[in-house]
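Trainee: So TrEMBL lists these for the protein:
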DOMAIN    1-60  domain 'Manganese/iron superoxide dismutase N-terminal'
BINDING   His4, His52, Asp140, His144  Mn(2+) binding site
DOMAIN    71-173  domain 'Manganese/iron superoxide dismutase C-terminal'
Amino acid sequence: MELHHSKHHNTYVTNLNASLEKLEEAQKEGDVSAIVQLQQAIKFNGGGHINHSIFWKNLCSPKEGGGVLEDGALKNEINATFGSLENLQTKLNTASAGVQGSGWGWLGFDPTSKSLKIATCANQDPLQATTGLVPLFGIDVWEHAYYLQYKNVRPDYLKAIWGVVNWKDVEARFLKAQA
């Protein structure tokens, strides 16, 4: 996790800041071509920062309650939508395992239908900007997230991550999204 946070996430932040500086220059100079060229770097690195910022808060050790979903509004909604936490895990794991290449698996909240949804995003595309769903819980399925521990066996990583989910954070996001 230290490598993931200090190297990978840090690189997204560094590259985002550099791209934003270049964007500011291009805007001052009225260089529309440069502005357009910078959009992809801003989306990729900005998305990487957004996604990872959520990811770190979504995790905590079992000693701190990781993996335990307490009774409450989120658990009730998960049961109503998916039938059980186990069904949610199966569906989100299946969707996340199916991401071609790199990307993210998400549990999101649809503000229009007021319901929980499972979605995936390619690369570092941020969930809300690409689907309209409010991100509640994200699973990083880039190989850098699991390769050192799980090699190329993404399904093993997906099974294990549920033991460190910070459900308090996920529920707080859910309650805020509902408001």
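Placed from the backbone N, Cα and C atoms, the Cβ positions cover glycine too.
Keep in mind that what you see is a predicted model, and the values were worked out from it rather than measured.
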Trainee: Please work out the helix, strand and coil residue numbers for the domain 'Manganese/iron superoxide dismutase C-terminal' (71-173) from the DSSP assignment.
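Mentor: Residue counts for the domain 'Manganese/iron superoxide dismutase C-terminal' (71-173) by secondary structure: 53 helix, 24 strand, 26 coil.
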Trainee: Which one, from the binding-site residues Asp140, His144, has the smallest tally of other C-beta atoms lying within 10 Å of its C-beta?
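Mentor: Result for the binding-site residues Asp140, His144: minimum number of other Cβ atoms within 10 Å at His144.
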Trainee: Averaged across the domain 'Manganese/iron superoxide dismutase N-terminal' (1-60), what pLDDT does the model get? Just tell me the whole number, please.
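Mentor: Per the prediction, mean pLDDT sits at 86 for the domain 'Manganese/iron superoxide dismutase N-terminal' (1-60).
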